[in-house]
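Written out below as C-alpha cells is the structure these notes cover.
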C-alpha cells in the first residue's frame, strides 16, 4: 500500500528536522548524571503530562486500538480510562512519596523500604521488560507500519534506522531531550488523530445516531459480559488496575518523568494532564475503528483498519502527518525505554558498586549504555519476525510477571511488619506460581483471562508474603518505615486534589455514557 504523495514526504522530512532542532536546542553541554537521567529535576507540568501521554502511545497503539475496536468493540478503551484513574491515584498518593524521597529510580524506593536485593530484583525485571518488550517491540511493530506506508523497505535496515535516530538523541540529550521531543510528538499525534476522526465521522454526517444505527450495539459497549473473550467485566474491575498500577506507578519507563519534576505540585499536575489525555483515545483512535465496521465490509484483518482509513480518507498531506505521528509514536516509545533502561543500569547496578564515580563519569557511562542497549534492541527487533510465537508469549508474560511485583510494592508501602526476607520469599513464590500458571496456559491446561489471572497472582503473592513473615520472622527498622511514611512527605497540593476529584468524576461519567 503506497498512499504517500510528495507533500507527505515533505511533511515527514520537516517533522524529522524539527525533532533534531528541538533536541539540539534543549540538550545541555556536558550534562551530569542528574541532568542526563532526570533533566536536572526541572521539568514542568505540561512537559511531564504530554511526555507521559506520548511515551504510552506507540505504533502498536495507533494500529492496535482501531484494529481491536473493529474486531471486538470499544471495550479495548477500558485500558485507557483505567489508566486515567491510576494516574489520578499516582498524582495524589504516589508522586509525593517519589518526589519527597528524592530518588532516581523506582526500585530505589524498595531498597529504602526493604533492602538492596528487592531493588535489584525489580530493576532487573524492569530492565528485561524494557529492552525485550518496550524497545524491541516498538522497533519491530514500528518498522512494519512504516513498511506499509513505504513498500520496498527491508525490515532489518528499517529497525536499525529507527533505533539509531531515537538512540542518538536520547544518548545526547537524556531525559530533557526525550521529554521535550515527546511534547512535539504528542502534539503531532493529537492533531493527526483529530483530523482523521473528523474525516471518518463525516461519513456519518457527524451524527452519533447514525453511528449507533449502522454499528452493532455490542461493539459500542465498554463493559462486556463475564464470558467475553476480549475483556470481561471482572477483568476490567480486578485485573486492569493491577497492570495499570505497575505501568504508571512502578515502571521506570513512565515514572522517570515524574521523578524529573521540579516539585510535588508539578509532578501531580503533570500526572493529571496525562490522565486527561488518556480519555481521548476512546474518541480519536477507538471510535474510528468501530466506524470502520460500517464503512468497510471487505476488511479481513484488524491490522489493516488504520492503513485503510488513511488510504480512504486522508488527503495529500494528512497521510504524511499521520506517518509523522506514527514515527513520533515509535520514537517516543523507543527513546523512553532506552533512557529508562540506561538509568536502571547505571543507578541500580553500577553506582552502588562504584560509589566513587563522579556525576560526569556516570553520565558518560549512561550515554554508552544507551547506545549499547540501542544496538541490542535493534538486533533483537528483526529476529522477532522469525519467532512470532515467542514475542506473543513475551507480551502475555507481562500480565504474569508484574502482579507479584505490585503485591510486594503495595505490601511494603502499607504494611509496617513485612520484613525484607519475607518480601523476597513472597515475591519468588509469586513468580513461581506465575511461571507454572503461564506454562499450564500455553499447554492448554488452563484457560483464564489474563486480567483475572493478574488479580489471582496478586492475592497469591500477598498471602505468600504473610505466610513467609510468620515462618521467617524478622523486624522492620524505623528507617525502613520512615521511607514510606506519608506523614514525613509533603502532601499533594490542594489544586492537585481538586483536579483529581474532577477527573475522577469525568471518567466515571464517560464510562456510564458508554456502558
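Glycine too: its Cβ is placed from the backbone N, Cα and C atoms.
What TrEMBL records for 6-24 (among others) is transmembrane segment.
Per TrEMBL, transmembrane segment is recorded for 36-59 (among others).
Look at TrEMBL and you will find 79-100 (among others) tagged as transmembrane segment. Here the transmembrane segment (79-100) has long-range neighbours at 52, 56, 106, 109, 222, 236, 240-241, 244-245, 247-249, 255, 258-259, 261, 263-264, 267-269, 271-272, 274-276, 278-279, 281-282, 286, 413, 484, 486, 488-492, 496-497, 499-500, 503-504, 507, 510-511, meaning same-chain residues at least 6 beyond its ends whose C-beta is under 8 angstroms from one of its own.
Residues or ranges marked as transmembrane segment by TrEMBL: 121-142 (among others). Within its own chain, the transmembrane segment (121-142) is flanked in space by residues 58-60, 63, 105-107, 110, 155, 159, 162-163, 250-253, 326-327, 329-330, 333-334, 336-338, 340-341, 344-345, 348-349, 373-374, 376-378, 380-382, 384-385, 391, 394-395, 398, 401, 405, 409, 424, 427, which lie at least six positions past its ends and keep a Cβ under 8 Å from the stretch.
For 183-202 (among others), the entry in TrEMBL reads transmembrane segment. Beyond the transmembrane segment (183-202), the same-chain residues lying 6 or more positions past its ends with a Cβ under 8 Å from any Cβ of the stretch are 15, 18-19, 22, 46-47, 50-51, 53-54, 57, 62, 211, 277, 280, 283-285, 287-288, 291-292, 295, 309-310, 313-314, 318, 321-322, 324-325, 328-329, 331-332.
What TrEMBL records for 230-249 (among others) is transmembrane segment.
Residues or ranges marked as transmembrane segment by TrEMBL: 270-297 (among others).
Residues annotated as transmembrane segment in TrEMBL: 317-345 (among others). Within its own chain, the transmembrane segment (317-345) has Cβ neighbours under 8 Å at 3-5, 7-12, 15-16, 19, 37, 51, 54-55, 57-59, 61-62, 104-105, 107, 123, 126-127, 130-131, 134-135, 138-139, 141-142, 145-146, 149, 162-163, 165-167, 169-171, 174-175, 177-178, 181-182, 184-186, 188-189, 191-193, 195-196, 199, 251-254, 256, 310, 366-367, 369-370, 373-374, 377, counting only residues six or more beyond its boundaries.
Distant neighbours of the transmembrane segment (365-384): 33, 36-37, 131-132, 135-137, 139-140, 143, 155-156, 159-160, 163-164, 166-168, 170-172, 174, 334, 337-339, 341-343, 345-346, 350, 357, 390-391; these residues of the same chain sit at least 6 beyond its ends, with a Cβ under 8 Å from one of its Cβ atoms. The transmembrane segment annotation in TrEMBL covers 365-384 (among others).
The feature transmembrane segment is assigned by TrEMBL to 390-411 (among others).
The feature transmembrane segment is assigned by TrEMBL to 418-440 (among others).
Residues annotated as transmembrane segment in TrEMBL: 495-514 (among others). Same-chain residues lying 6 or more positions outside the transmembrane segment (495-514) and placing a CB less than 8 Å from one of its CB atoms are 74, 77, 81, 84-85, 88, 91-92, 220-223, 265, 268-269, 272, 275-276, 279, 282.
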